[in-house]
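S.K.: Quick one: the structure is below, and I'll ask about it shortly.
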Amino acid sequence: MMKNILAIQSHVVYGHAGNSAVEFPMRRLGANVWPLNTVQFSNHTQYGKWTGCVMPPSHLTEIVQGIAAIDKLHTCDAVLSGYLGSAEQGEHILGIVRQVKAANPQAKYFCDPVMGHPEKGCIVAPGVAEFHVRHGLPASDIIAPNLVELEILCEHPVNNVEEAVLAARELIAQGPQIVLVKHLAQAGYSRDRFEMLLVTADEAWHISRPLVDFGMRQPVGVGDVTSGLLLVKLLQGATLQEALEHVTAAVYEIMVTTKAMQEYELQVVAAQDRIAKPEHYFSATKL
């Protein structure tokens, strides 16, 4: 059965970030994506200038009411949320999650708690970080913080892999069953590798891949794609190890393709075949 995912996050007209980054790769893995945009911008904000608007929170709820009105909400297998334009949007998204789960009790909520980036500093509206700590975290089934976001969610520093596993389990005690630490940064084993953790109450998997050097400007949307692809693989029945290994390789293929084409925006279309069947392989290790 094809899985249906309601993806609620940012959208850019030019380039790839949020839904504009994840829709195509998720579809390429065989999922139906229902994109619902929290913001519509001309381009992502790392360019330093952009136009567009943040959607009113009520807009999100109205769109989902429309899907419910045609009796299709029960076919939704998961809600994925990413970049929020405001904390109030987050409250509406939790209402949507409750509505989807009422229609399909098996549905999952995957929260990508976008609050900041180790190299870019915090880039979200006031109240969004607090929303994730107080409301997004306990409501989620799967949550995917980077290192900075993990520290904000668990409210203490995380200095190494062992502490990251313990911090992930602190989050699990508050609601989610699965935590993806989608960028270990300086808490990883090695400074010259990109490392991730996938943690449950009784399992912890670590994986690393080479860093891809883009110089001063790192492409935007890598975390968005990582979260979206992981959700698809888990919904399709992959084990934690299989999901983590495929996602790591697929994202690496996108990065390598983007660099080879000397582009700044993620080249998800050019890399599409390698997203579905990566040519590289990285082995996850059980901790």
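Residue numbers in this text run from 1 along the chain shown.
The backbone N, Cα and C atoms fix where each Cβ goes, and this holds for glycine too.
Marked as substrate binding site by Swiss-Prot: Ser10, Thr45, Gln46, Asp224. Look at Swiss-Prot and you will find Asp112, Ala144, Glu149, Lys182, Arg209, Pro210, Leu211, Val212 tagged as ATP binding site.
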S.K.: Just give me the nearest neighbour of Ser10 (substrate binding site) among the binding-site residues Asp112, Ala144, Glu149, Lys182, Arg209, Cα to Cα.
M.R.: Asp112
S.K.: Check the Cα-Cα distances from Leu211 (ATP binding site) to the binding-site residues Thr45, Gln46, Asp224 and tell me which is shortest.
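M.R.: Nearest candidate: Asp224.
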S.K.: Can you tell me which of the binding-site residues Thr45, Gln46, Asp224 is spatially closest to Glu149 (ATP binding site)? Compare CA atoms only.
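M.R.: The smallest Cα gap between Glu149 (ATP binding site) and any of the binding-site residues is with Asp224.
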S.K.: Taking each of Asp112, Arg209, Val212 in turn, which of these binding-site residues have a Cα lying within 10 angstroms of the Cα of Asp224 (substrate binding site)?
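M.R.: Cα within 10 Å of Asp224 (substrate binding site): Asp112.
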S.K.: Any same-chain residues 6+ apart from Asp112 (ATP binding site) with CB under 8 Å of its CB? Would you list them in sequence order, or say none?
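M.R.: For Asp112 (ATP binding site), the qualifying residues are Gln9, Leu80, Ser81, Gly82, Ile143, Ala144, Gly223, Asp224, Ser227.
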S.K.: With every protein chain in view, what's the tally of Cβ atoms within 10 Å of the Cβ of Arg209 (ATP binding site), excluding that atom itself?
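M.R.: That number is 17.
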S.K.: Where Thr45 (substrate binding site) and Arg209 (ATP binding site) are concerned, what is their Cα separation in Å, rounded?
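M.R.: Between the alpha carbons of Thr45 (substrate binding site) and Arg209 (ATP binding site) there are 27 Å.
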